[in-house]
Amino acid sequence: MSSKVFLRDKVHVNVGTIGHVDHGKTTLTAAITKILSTKGLAENKSYDQIDKTKEEKERGITINTTHVSYETVKRHYAHVDCPGHADYVKNMITGAAQMDAGILVVSAYHGVMPQTREHVLLAGQVGISKLIVFLNKCDLVKEEEWIHLVEMEVRELLNEYKFDGDKTPFVRGSALKALEGTDVEGINKLLEVLDEYIEDPIRDVEKPFLMPVEGVHTITGRGTVATGRVERGKIKISEEVEIIGLKETKKAIITGLEMFKKELDFAQAGDNVGILLRGITRDQIERGQVLAKPGSLNAYHKFLSQVYILTQQEGGRHTAFFSNYRPQFYFRTTDVTGFIKLKKDVKMVLPGDRTELIVELNHPIAIEAGTKFSIREGGRTIGAGTVTEIIE
């Protein structure tokens, strides 16, 4: 863990880039850090540093979510760069769940594409209420009319998924040109809009501590570190937490807290943190579990839910499903297979239906009434739901 201390002298906001593969999310993230680094407000992160894994470099696409941090004069931002490729949507869901607001990157050259639509749907599902649209690659489009048509198409899409498409700010630019240093105006405008359009987040610090585990690392000689975004509550060093879900519940003492390689006295809702846990080995904790205040949460495998099933036009199923249907259920940072039971008076569920479902998961996970989830099958999102009642 680090020896530098994280200063809470500015409002902390979690943002991120979402959108279709190759529309420029990672290039935009790199351009933001480069431009702010010249003002001493960020560490310059190259495209290759953000697209970290060997497979990402070879395929030229983002697979895992990547976190960078930067500041404006007004705020401190934690920025998640989400994968746009359809195969890695589950990592996108994890990243989006950590955001207070999103930057939807749309190539002005290509317009709305399948993952543009899916990411907007999922952003709403995980609780993001505001998006800013960055129309990228504007330098490749010669006709102003074309950019205007793409903007109209995106506004319609936002309205369709209950975002305020009419009032959503649009910023035009070229992330690549900005990264090359020839046209930085779009990036400066985007940062200005981030500061002004996105309100200071209201943090849920009074409720019991809860953090979904996104990653797990070992520090030789120190112990095991769990990383993630604190969903609610506060925690400080020497306090006890429970590790809940997927396996038998375990207890651990917190011996260190860190955010962006700087030490914290305490962590609170909204912080992206690494938590050092005493007495826990690498194989006793995994992504998809949660850290929670002891006694505040339990793991369950059967629940009642209210669900919306997407239409074919929304990228969902083409056909109905029946009892014993077995898709994947995505909660916070985990995905679990389970099966659906329909209520006695319901014979089948059609695309476009809003319905009540009984869900039984293969593994127990930390859930409670109000927990949101996505339903996926064969690489696409087919439904969005909320837990209404725990059964067992």
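Cβ atoms here come from the backbone N, Cα and C positions, even for glycine.
Here's what Swiss-Prot has on this protein:
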type	residues	note
BINDING	19-26, 81-85, 136-139	GTP binding site
BINDING	Thr26	Mg(2+) binding site
DOMAIN	10-202	domain 'tr-type G'
REGION	19-26	region 'G1'
REGION	60-64	region 'G2'
REGION	81-84	region 'G3'
REGION	136-139	region 'G4'
* Tally of helix, strand and coil residues over the region 'G4' (136-139) according to DSSP? -> 2 helix, 1 strand, 1 coil
* Structure fact -> For the region 'G1' (19-26), the DSSP residue counts stand at 2 helix, 0 strand, 6 coil
* **Confidence summary for the region 'G4' (136-139), mean pLDDT rounded** => 94
* Quick one: of Lys25, Cys82, which of the binding-site residues has the smallest count of other CB atoms within 10 A? => Lys25
